[in-house]
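Undergrad: Starting off with a structure, shown below.
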Amino acid sequence: MSSDAEMAVFGEAAPYLRKSEKERIEAQNRPFDAKNSVFVVDAKESYVKSTVQSREAGKVTVKTEAGTTVTVKEDQIFSMNPPKYDKIEDMAMMTHLHEPAVLYNLKERYAAWMIYTYSGLFCVTVNPYKWLPVYNPEVVTAYRGKKRQEAPPHIFSISDNAYQFMLTDRENQSILITGESGAGKTVNTKRVIQYFATIAITGEKKKEESTPGKMQGTLEDQIISANPLLEAFGNAKTVRNDNSSRFGKFIRIHFGATGKLASADIETYLLEKSRVTFQLKAERSYHIFYQIMSNKKPELIEMLLITTNPYDFAFVSQGEITVPSIDDQEELIATDSAVDILGFSPDEKAAIYKLTGAVMHYGNMKFKQKQREEQAEPDGTEVADKAAYLQSLNSADLLKALCYPRVKVGNEYVTKGQTVQQVYNSVGALAKSIYEKMFLWMVTRINQQLDTKQPRQYFIGVLDIAGFEIFDFNSLEQLCINFTNEKLQQFFNHHMFVLEQEEYKKEGIEWEFIDFGMDLAACIELIEKPMGIFSILEEECMFPKATDTSFKNKLYEQHLGKSNNFQKPKPAKGKAEAHFSLVHYAGTVDYNIAGWLDKNKDPLNETVVGLYQKSGMKTLALLFAGGQSAEAESGGGKKGGKKKGSSFQTVSALFRENLNKLMTNLRSTHPHFVRCLIPNETKTPGAMEHELVLHQLRCNGVLEGIRICRKGFPSRILYADFKQRYKVLNASAIPEGQFIDSKKASEKLLGSIDIDHTQYKFGHTKVFFKAGLLGTLEEMRDEKLAQLITRTQAVCRGYLMRVEFKKMMERRESIFCIQYNVRAFMNVKHWPWMKLYFKIKPLLKSAETEKEMANMKEEFEKTKEELAKSEAKRKELEEKMVALMQEKNDLQLQVQSEADGLADAEERCDQLIKTKIQLEAKIKEVTERAEDEEEINAELTAKKRKLEDECSELKKDIDDLELTLAKVEKEKHATENKVKNLTEEMAGLDETIAKLTKEKKALQEAHQQTLDDLQAEEDKVNTLTKAKTKLEQQVDDLEGSLEQEKKLRMDLERAKRKLEGDLKLAQESTMDVENDKQQLDEKLKKKEFEMSNLQSKIEDEQALAMQLQKKIKELQARIEELEEEIEAERASRAKAEKQRSDLSRELEEISERLEEAGGATSAQIEMNKKREAEFQKMRRDLEEATLQHEATAATLRKKHADSVAELGEQIDNLQRVKQKLEKEKSELKMEIDDLASNMETVSKAKGNLEKTCRTLEDQLSEVKTKEEEQQRLINELSAQKARLHTESGEFSRQLDEKEALVSQLSRGKQAFTQQIEELKRQLEEESKAKNALAHALQSARHDCDLLREQYEEEQEAKAELQRSMSKANSEVAQWRTKYETDAIQRTEELEEAKKKLAQRLQEAEEHVEAVNSKCSSLEKTKQRLQSEVEDLMIDVERSNAACAALDKKQRNFDKVLAEWKQKYEETQAELEASQKEARALSTELFKVKNAYEESLDHLETLKRENKNLQQEISDLTEQIAEGGKHIHELEKVKKQIDQEKSELQAALEEAEGSLEHEEGKILRIQLELNQVKSEIDRKIAEKDEEIDQLKRNHLRVVESMQSTLDAEIRSRNDALRIKKKMEGDLNEMEIQLNHANRQAAEAIRNLRNTQGILKDTQLHLDDAIRGQDDLKEQLAMVERRANLMQAETEELRALLEQTERSRKVAEQELLDASERVQLLHTQNTSLINTKKKLETDISQIQGEMEDIVQEARNAEEKAKKAITDAAMMAEELKKEQDTSAHLERMKKNLEQTVKDLQHRLDEAEQLALKGGKKQIQKLEARVRELENEVENEQKRNVEAVKGLRKHERRVKELTYQTEEDRKNVLRLQDLVDKLQTKVKAYKRQAEEAEEQSNVNLAKFRKIQHELEEAEERADIAESQVNKLRVKSREVHTKVITEE
């Protein structure tokens, strides 16, 4: 194994591919008990790890990992492998090979996310259900060129091995990726393609250059991009897989001789086109539909005229519409880019999207049935217009072709009417065909793009086909998919087990054949062999009258009980019906054969196909061109539809042909298998279900593959190749210089190598190796080569160094020589003679040098010329060479293509020969059958002639019967009451039938072909046999049959009375009779030939029997009609019952709503008006339905009487036949011998005929039963009618009661309104006081604790206060002076604040009114709220008004009730609309309710404040009681309080009574409010938070103000004058409290939390009473001390009263202003939100307007373009006119016409058309003149006329187009005007809202500023009050001290 350093090349994928070194070392060192460590069988986990505890007598006791101890048999335990084999990469290397070892190895590797594992010769992969980093580019690079044993298991390793085998073995390879659906086949296929596309170009200097204008990406990019495109159109979500391939594909990647990527092609199989129109609930259609609707490319939505909601399209919304693991938006981008990379033109790309959109629109096309016809007609044309537009078709032609297709009858075409269901089936078939042909065409285009014409030598095929599928509903598609997997599994088994072992025997290796039990031939033969499932299916498709039932019967007859793989499924509850089961290798699958014949024949509407062929969309016309399916062009085996022509090739036949071609391709390659496994059914990463994985391992033959890999010799190599490759291991073993056989050489070579010699065997042509040995030899070879190369490198390096050393020595010697010469030269350089030599030497050679230079120049010029010539020749030769090479390549490609074509032609020839043989055999069969039919036909013709003679005689009798029947019908019409007497008449008829039974038996024996009348025939035969008493044996037989018939008759009579209600059994028996009829028809044909020897009298009886049979058939037809009518009546009755129950429930709901009339609105009044009209219409419809039911009952009675009359007619015929037969009795005696021989045959058919007779009688009884049931239905309807009248009266009474209740409520409402107004006023006053006190609280909060301590000290010092009171007089006077000054200043400030607050209040009120007017404009019914938004009871008044209106309408409710019952369905729609309006109005009511809740919150706050005030008042009274002088005044206060208490108690009692009276009404209102509240809560959450925050702030302010007020009161308690003021305050507080309580009780009645508030009020009253009791206790103390402080208190009280009044006024104004500010802020916020909403609407409308304007501009541009085109036409016309000088006038007219078109579009059509016509007339007249004058110009004039006509047509087209554009422009202009008007209105509203908002904001800021100033002034006043309070305490202290 590789070390961690070596695994580093895999990057972050290393831990997901192989165990680390640390883990391997730990596994090797882990203790292991080989004897006791075992796997044991477990019921839940299949196998669990255990430890052996003991072994006894074949039993083993083990302890599992879970700690449980079990005892099992010896054969139920399996030894565990040592720890070093944990997570082993190749399971073939394990010591103990068995199921648990394989299972746990896979499980442990899966837990470590090692999803790939070798299993002998193939690879097993487990779906991880998550992304793992094992496919990164560095992983691809790491696997390139690695041997299998050198790298961890991976799909890249399999791919690289296949690539290397292709290069070394020169053999085509294939990779078969198989497994069940959802196992990960598609992902692994993509990785294989990714690997080949990467390695095949890695290392190249440049990539393949794309052909200009054809490709937009390189070849490898296109190969990779083909996958997302095919996945988008061919993959879908299934139950088991979110990205399941719904088609199979075989991708061949072609390589050149050097391994370079050359080209690729794709073959597809079995596209599941039914998914286009139908999906199961947990599945969805193909990804492309949802990608388009993801809105990632909005231009597609606009182009395809679709929406982004899949539920708007029926074809794609039957299951799920989203997949969590798939991002449809990103996938759309990938798909779109793949289309571009693959070189699709823009038109082709648009066509793909348009056809996909057209398929979606097909699913929305609606059709309905014409009245009184079964013919279908379109139900709206909007969808059809869209679909036709996308397909460039005419919408009317498309609808006409769908509803009235033309079919060929003989040599003529006739128009055929279609039913609604037939039209829907046709639309679905067309949608599926378009999608399938488009998909196959895309594959063809992809193949064309991937075919680069480069030389290719080998290919690697990758097979990815749909996995084995077992659904709840399995159809023909599942059978084809499962059959394909069966064939692939058989191929795997055959390759792994059979071929492997056969090759051993062929090579002469000693081998004992092992049967692994993996043969799947039985199932395959059951499906594909002659008389198999496909064969029977194709045979049934040849017969026009074949049905699914006949197909099922043939399957049962041929295979049920004869083949173990064919079973009859057991019916399962909750699952779809199954007709047969097949035992596949992966499990038993139940198949439903519904619709198989149509799917196999794949019929299409030929008329619509003809439209497709003429479509303006080239792609669509190409798909349906020439009646050939697109798959014929795709070049690959594809599923496709049927092929037109004589062969009538079905879907199953084409599928088998393609499958056989695929198997042939696979057999010609060297396969590599990859087995994909599903770990669990829940798609949970890391979880593995043992039983599921074991099942797949067993089915896939994984264990058997490992065993044969271990036992067999999976590696083999030819002797010559082995000798050539491995000779290097021991070259001395093979002698040099002499010939030696390759086999002997291989034997010597292997014998001389140090290996295990039992691991290989020698065959005749190959040497075979066990697994792993060849890898060992490769390693030895690599080591040997490394040694040899090392030695070679050493020798080479030594040689090179010796050469280099020699050169170095030579250079050394040269250097020495040069140095010697230089030294010598330096010595003689200055010698005079040497100088002279230097001067003379050049002169001696200068002349020779000049000559040489001249010669050299000449030679240079010549050489230059020759070089130029040679260069030119070289270039010419190079060009020729390039051309020749190109021709050579072209010829090679041509030869290769011709060879491929020849091979394909040979294959087709073979197939045609096979087909010819099959067809010849079929022709022989058909010919023989035709001859038999001709013989039978001849016989029947002769019989027919005889029967026609007899028919003439019988017609007279029939006429008489018809006259009788007419009389009976007249009597029946006259007396309908005879229906009740039918039982008596039937009894009489039964007696008549009993008399004629014998005659029926005679006819029955004579004619077996008369199914329903054979009973009478047998009776006749029995009568004849009784007459022949001389023949004893025959008489005994006939008497026995007579007795049986009598018993049968008695049984039939009893059964007739018992089976009156068995309608379902009768229907089943009718089906059986029809089946028996078909069988009897065939038998009767044979019997007719046997009866040919009977005399002419029997033939007469046959004629009579034929007439009777016709009558019986007519009766059966009438019975069926009666049954259909009864079923229709039942359906109508059920519908009426349903409507009645729905209306009853609706009435109950309405009655409940009427009881809750308090919440009714004006919208409900309008809804009631509508319902009144609908109710009247419903009453009329009900009466019409009643009349119709009565008429239907009368019709049924009439038809029943007709059937009875016809039976009487048959009886009369039988009587006449009886008379005739009695006359011929003597003649028939001679024929009894012949008849006796036929008795046995007749008796066999007797049972079937008896059953037929019983069926007829049952049908007769059923008719009676149905008639009685119809009468009972009429009675029930009458009872219902009476009951409805009763209910109507009851409702009238209830309405009267409601009216009285409403009037009472109205009176109560007025009282409540007054009370609520009073409450509102009081609340405002208290709110003002709270806000004023809030400011004081802020400044006094820090003194609160101190004041409380001082208060306690003051209570302790009460006695001292009395002594110090006298001393404080002087200080009190001083304090009074300061206090007066402060009070005056504070009064002025408060007056100023009051003015500002009044101004702010007025502005706030104006703002509220503006906002209310905005709100009221939303609905007409809210107009009354414009000036009353501030009033909290506005909505209650409006509801009461609506209630009063409803009371008035209630009086006419009886009429409304009847009308509602007839118009229930329409009423539901209106009800929903009215409910929406009611919810809108309830929203407004809820807003008012929120305001109420706010007021209640304020009320609760006030109550708490009042409680605190009362507590503090009690404290004050305790302090005041120290005065003790005013006890009498306090007693008066007590009396007054008692009086107020009694008044409050009375008010509370009155409130409780009125509360109980109104409680029911409020509860009902609360229910409606609660319903509305849930919808509005989320909208007002933000506002509620703001309001709550403001409430909390106000509460804190109020509390602080209250504490401040308490401190003020305590500071003034020292003065006796404060006492009376405090008493006055107390009285005022009590009065306000009483008013507040009464108002709270009244408000509680209208709100949800009324009772709670009432309890709070009661508690408040109790607190007041307790406060009064406290006051009583303090009276004595107050009286004793009051006299001392009276004088001072009076003076202080006067000043304090004045200040207090000013303070209260200012506080009320301040509080009122704060409340107004808050309301203003809230209204302003809502107004801003409204403004934002309006701005958003305006922006949206502006966007829409811009789009519309843009469309108008486009239309104008089109019009201009049309004008331009018209101008061009005129110019062309002018050119034509120039050919003759006489056409100049026409030219001017046309030019003038074109100019007019340019200036006025409206007049373009008329001017161009009229001008064109006039010019044509003039031109034709002029041409006739010119023909006589100028013969030479005749040809040109004719051409001019032709051109003029052409231009005339184009001008007409342009004028028509111009007119259409003009209309569009006008329509768009109108729409633009309307939208502009709306925009202007919105703008005005927005501007008004903005102005109002700005005004309100300014007012708000101003008021806020004033409020801040008032607060500052209040703070100053409070500080002064605090100073006075301190001084008051000092005075108080002094007074106490003095006392």
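In case you wondered, yes, glycine gets a Cβ from its N, Cα and C as well.
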Undergrad: From the ranges 67-89, 1125-1147, 1263-1285, 1769-1791, pick the one that Swiss-Prot records as region 'Disordered'.
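TA: That would be 1125-1147, per the region 'Disordered' entry in Swiss-Prot.
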Undergrad: Swiss-Prot tags one of 173-192, 973-992, 1153-1172, 1713-1732 as region 'Disordered' - which one?
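TA: Checked against Swiss-Prot: region 'Disordered' maps to 1153-1172.
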Undergrad: For the feature region 'Actin-binding' as recorded in Swiss-Prot, pick the matching range from 221-235, 506-520, 761-775.
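TA: Checked against Swiss-Prot: region 'Actin-binding' maps to 761-775.
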Undergrad: Taking the Cβ of GLY184 (ATP binding site) as the reference point, list residues of the same chain whose Cβ is under 8 angstroms away and which are at least six residues distant in sequence.
TA: THR125, ASN127, CYS676
Undergrad: Can you grab the distance from LYS185 (ATP binding site) over to LYS130 (N6,N6,N6-trimethyllysine)? Cα atoms, rounded to a whole Å.
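TA: Here the two Cα atoms are 15 Å apart.
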Undergrad: Taking a Cβ cut-off under 8 Å, which residues six or more beyond the ends of the region 'Actin-binding' (761-775) line up next to it in the same chain?
TA: 92-93, 120, 147-149, 504, 506-510, 709-710, 712-719, 722, 743, 746-747, 750, 755
Undergrad: Apart from GLY179, GLU180, SER181, GLY182, ALA183, GLY184, LYS185, THR186, which residues in this chain have a Cβ no more than 8 Å from the mean position of the Cβ atoms of those residues at the ATP site?
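TA: Other same-chain residues with Cβ inside the cutoff are ASN127, ASN241, SER244, GLY467, CYS676, ILE678.
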Undergrad: Quick one: Cα separation, GLY179 (ATP binding site) versus LYS130 (N6,N6,N6-trimethyllysine), in Å?
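TA: Given the Cα positions, GLY179 (ATP binding site) is 18 Å from LYS130 (N6,N6,N6-trimethyllysine).
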Undergrad: For GLY182 (ATP binding site), identify the closest of the modified residues TYR389, TYR424, HIS757, judging by Cα separation.
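TA: Out of the listed candidates, the nearest Cα belongs to TYR424.
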Undergrad: Please classify the secondary structure at TYR389 (phosphotyrosine) using three-state DSSP.
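TA: In three-state terms, TYR389 (phosphotyrosine) counts as helix.
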Undergrad: If you run through the region 'Disordered' (1125-1147) with DSSP, how many residues end up as helix, strand and coil?
TA: 23 helix, 0 strand, 0 coil
Undergrad: Rounded to an integer, what is the Cα-Cα distance in Å between TYR424 (phosphotyrosine) and SER181 (ATP binding site)?
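TA: So the Cα of SER181 (ATP binding site) lies 31 Å away from that of TYR424 (phosphotyrosine).
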Undergrad: Please work out the number of neighbouring Cβ atoms within 10 Å of the Cβ of SER1261 (phosphoserine), leaving out its own Cβ.
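TA: A count of 20.
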Undergrad: For LYS130 (N6,N6,N6-trimethyllysine), identify the closest of the recorded positions SER79, SER181, THR186, TYR389, HIS757, judging by Cα separation.
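TA: When the Cα distances are compared, THR186 comes out closest.
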Undergrad: Compile a sequence-ordered list of residues in the same chain as TYR389 (phosphotyrosine), six or more apart from it, whose Cβ lies below 8 A from its Cβ; state 'none' when nothing qualifies.
TA: LEU305, SER395
Undergrad: For the C-alpha pair, I'd like the distance in angstrom between SER1261 (phosphoserine) and THR186 (ATP binding site), rounded off.
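TA: Approximately 63 Å lies between the Cα of SER1261 (phosphoserine) and that of THR186 (ATP binding site).
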Undergrad: So, in DSSP terms, is LYS130 (N6,N6,N6-trimethyllysine) helix, strand, or coil?
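TA: Note: LYS130 (N6,N6,N6-trimethyllysine) is coil by DSSP, not helix or strand.
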